[in-house]
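Undergrad: Handing you a structure now.
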Amino acid sequence: MTIHALTSTALRVSKTTFFVVVSSGSKYAEYLGGSSTFSGLVIGIPTVISGMTLVPLVRSDGGEYKFALHLCCAAAVLGSVLYALAYRAHFLYLILIGRIVMGVSFAQFLYTKRYCSDPRIVGVRRRTTLAGWLVVGQSAGFTVGPFLGGVLYKVGFGNSIFNGYTSPGWIMAVVWLIFWAVVTVLFEDVPRRDSNPLSLADRRPFSIQEQAPPPRRSSSEGMDTQAAFLPLNPTHSSPPPQPADTSEDAPTRISPRQWAVTATMCWFAMTCFFVLGAWESNIPIFSARAFGASPFVAGNLIALGGVCTFPFMFANVVLARRVQDRIILAVGCALGLLGLLVTVAVVTTGRTTFGSLFASWFLVALGFNLASTVTLSLLSKQMPHSWNGKISLFIQYSNFSGRVSGAVWGGAGVEVGMPSYVGLQLALLGTGGLMFMTLWKEMKTKTG
């Protein structure tokens, strides 16, 4: 499978699973005796579990992807089934248990991002473009997920197995089984790090040396050359020396400026997913309180905002080849800031309408999805190749911390008050803006 097709599809399925419960999750929790804050926890808890899963999983994967891919698929199927069975069992915490098991599958978020910045298969000038494709898949997931959840809510409650609350779990279990079968057949993994294989480029110089006759040299020069290639122990053959790869193996000192840029990108990764997670969990609750909207209507509102961002996301994939990452980050944050300011103006004047809510959500979704495309790609272009695994973890943990705290904050948004709800998001974005302006020159990278 091509890189962008695999990663975009994997992220699309994962995000759909993550967000399919957004529309009806609060109603499901309330039916079983939970609160709106509990529903926010149900949405956000998988990211906590993913964070706990990442370190042992990364330590055991040997730099490969296939084992993690199979584990994530298995966890997604099992978690979806458990989520669906909570209605029949009439057990509130089975929803939470199902989402906890699903959390293991969401470790795949790290692997899709790492795959798109892996120097073994992706060049520097393709990383932002592939990150753009990732966000297209991400946008599709958070568009299809709430819409599908809202549509399935209309199924009704004719039986205790497949109904408006449980159908998202059953449907996503089937989708994951199909995806699992496809990647089992088509996915080609990269070599393990500890296998230390010689690449084609590494092999070619040695084959040339072995086949081509050496040029005539003086006797002393010839002795020196032969001595350099003689084994230390003549009774045992030794493998040919491998060329040093300074970009991968040599220890590289990270400058304070690089650490500062890393901290800034982690802050923006956290902020983007905090805001997106807060809005996605808050819209069904706020719209139900303000307009009496059903989960179906709330899901359509979230989905429509995501659909409207698609043309801009595809444009970003094309423009990423000619626009620097820091420019994309600045434009995305500016659009997101505009959406938050519109929200503040609307809620403080008490003139909230479906139109104003949609406009704010569209700007927020577009801006922060756009900004999230460059957090890892920018770092991967500045840090040594050997740091790709570390910075992938840094960014993913930042994403996770923002996602879970944002989901809980969004669930409590109506209770704490909408001005305070939006005010915290503005404070996080403002802090990132100060860091961004301070390090503007240090964040210059290659395009693409």
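Positions of Cβ are set from backbone N, Cα and C atoms, glycine also.
Per TrEMBL, the feature transmembrane segment maps to 31-55, 67-85, 91-110, 130-149, 169-187, 259-279, 299-320, 327-347, 359-379, 391-412, 418-440. Annotated region 'Disordered' per TrEMBL: 230-253, in sequence order.
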Undergrad: Below 8 angstroms Cβ to Cβ, which residues of this chain, lying six or more residues outside the transmembrane segment (259-279), approach it?
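TA: Beyond its ends, the transmembrane segment (259-279) has Cβ neighbours at 43-44, 142, 329, 332-333, 336, 340, 361, 364-365, 368-369, 371-372, 375-376, 378-379, 382-383, 391, 394-395, 397-407, 409-410, 413, 421, 425, 428-429, 431-432, 435-436, 439, 442-443.
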Undergrad: Which residues of the same chain, at least 6 past either end of the transmembrane segment (391-412), have a Cβ under 8 Å from a Cβ in it?
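TA: Contacts with the transmembrane segment (391-412): 26, 36-41, 43-45, 47-48, 50-51, 54-55, 58, 109-110, 113-114, 117, 262, 265-267, 269-282, 285, 372, 375-376, 379-380, 383, 421, 424.
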Undergrad: I'd like to know if the transmembrane segment (327-347) touches the transmembrane segment (418-440) in this structure, counting it as a touch only when three or more C-beta pairs sit under 8 Å and are separated by 6 or more positions.
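TA: Contact criterion met.
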Undergrad: For the transmembrane segment (327-347), give me same-chain residues lying six or more residues beyond its boundaries with a C-beta closer than 8 angstroms to one of its C-beta atoms, as numbers and ranges.
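TA: Same-chain contacts beyond the ends: 128, 268, 272, 275, 316, 320, 356-357, 359-364, 366-375, 378, 418-419, 422-423, 425-426, 429, 432-433, 436, 443.
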Undergrad: Between the transmembrane segment (91-110) and the transmembrane segment (31-55), are there at least three Cβ pairs closer than 8 Å, leaving out pairs fewer than 6 positions apart?
TA: yes
Undergrad: Same chain only, please: residues at least 6 beyond the ends of the transmembrane segment (299-320) with a C-beta under 8 Å from a C-beta of the stretch. Say none if there are none.
TA: 19, 22-24, 128-129, 131-133, 135-136, 139-140, 142-144, 146-151, 153, 280, 283-284, 287, 293, 328, 354, 357-358, 361-362, 365-366, 369-370, 373, 447-448
